[in-house]
Structure formats: structure tokens, C-alpha cells
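**Student:** A single structure is presented below for examination.
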Amino acid sequence: MRRLPWLIPFFLVNISNGNNEFRIEFEYPNNEKSEKCFDSSKENDLLDLFYVSTNPLGPVVECRFLENSFILCEDPVPLYGPGQTGQQPANESFRNEGKCLKMGGYRAEDVEFTNVKCRVLPCIECHGPRTFTKSTPCIIYNGHYFLTTLLYSIFLGVVAVDRFCLGYSAMAVGKLMTLGGFGIWWIVDIFLLVLGVLGPADDSSWEPYY
């Protein structure tokens, strides 16, 4: 389908310091494409400015309601560090800092939530503050696949390849030196993986297959 040039928006950005507004005006040129937009990754001092769209052809969505593909959020982090545990804090204020007491979970109801900082990607039009906090599950992914690890454990578990891949280096050396704990450790790790007891040492979750 032929694209008409007058349908291509031209963004003209004006920053108004007097009324603390970030205003975008829209024009429709007849002959050439041109676009200027707000790059929130470079103008850190303007991240919290509001703007009003004067585009009469479409509604403007609240920035905090945008889909994940249009925003960039920080990753949740363990409160006591990867693979570490500690006492229950006296208050829950750490959840407003993107920190989690426990990462992941074997069931959906076991997963904790925390508030992380997010910002809108450059050139995405929305209404309201371009930086905000969003509730997100305490789940991180670091490239560990369950099926791959299970195959390592079945076929190469005797030489501790599965433990090395999961990040248990010290235990992997012991398993390697004893050739899979004389076969017993090798079998036990397979069952631990299948039952969901054994996972990555950095508290990350298994990568989804989609």
C-alpha cells in the first residue's frame, strides 16, 4: 500500500521552563520526512517534565500504562546479594528500592514483588512523568535453560558439567574429583533438577521457551 507523505508526522519539540511543560506539536509536511523527538536517555535533567500533546488525531496514553516494549526498567536485585539469605527486615521499605528478600519461586504464588524504576524509551509519545516506579516480580534471567541443564546432568553429570553451568564451582570440583560422587551424586542431582530443588546459584530463574 502506497504511503502518503502527509500521513508522516513531523515532531517539533518545545521545552517551556516557565510552566514546566514539555510540549510536542505535530505538523504534516507534504514532501520530506523529518522527525525531532525527546531523547530521555540523554536529557536526564528533563526526565520528570510533563508534556501536553496537541495532536488532534489520537489520544495520549499515561506513561505508566505503557506496555513493557515501550519502557526500560531496572532489574530487581536480591537484598543480601546473589545466593545469600538473611533475617527478615523490620520494615518493607526495601521493596520501594527494587530489592527482593527472595528471588524467584517454584509456584506463581511464591514469587515476591518489588517496585523498580522505569523510564519511557526515546521518541515514545505518552502523557505524564516519563520516569516512574512499577511493581514487578522478583524474577531475573541469566541465560540458564532447564532442558539444557538437565541434559548436561544426565550425560555429563559424572564430570560435574551441570554444577559448573549452574555456578556451583566449589561443589562442582568435589563432584568432578569423585566422578559424580561415585555415581550417587550424579543420580541425586538429576532428581533434584526434576523436582525443582536445584536451580542456578545466582537466584535467577530458568529462561522461558517462547
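Please read every residue number as a count from 1 along the shown chain.
Yeah, the Cβs are placed from backbone N, Cα and C, and that goes for glycine too.
Residues or ranges marked as signal peptide by Swiss-Prot on the basis of sequence analysis: 1-18. What Swiss-Prot records for 19-138, 200-210 is topological domain 'Extracellular'. The N-linked glycosylation site annotation in Swiss-Prot covers Asn91 and is backed by experimental evidence. As annotated by Swiss-Prot, transmembrane segment applies to 139-159, 179-199, with the evidence given as sequence analysis. Residues or ranges marked as domain 'TM2' by Swiss-Prot: 143-191. If you look up Swiss-Prot, you'll see 160-178 marked as topological domain 'Cytoplasmic', on the strength of a curator's inference.
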**Student:** For the topological domain 'Extracellular' (200-210), provide the mean pLDDT of the predicted model.
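**Tutor:** Across the topological domain 'Extracellular' (200-210), the average pLDDT comes out at 88.
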**Student:** Just how many other Cβ atoms lie inside 10 Å of the Cβ on the residue listed as 'N-linked glycosylation site'?
**Tutor:** 6
**Student:** So if I exclude everything within five residues of the ends of the topological domain 'Extracellular' (200-210), which remaining residues of that chain have a CB under 8 angstroms from its CBs? That is, six or more out.
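**Tutor:** Distal contacts: 78, 82-83, 102-104, 139-147, 166-168.
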**Student:** Using DSSP, how many residues in the topological domain 'Cytoplasmic' (160-178) fall into helix, strand and coil?
**Tutor:** 15 helix, 0 strand, 4 coil
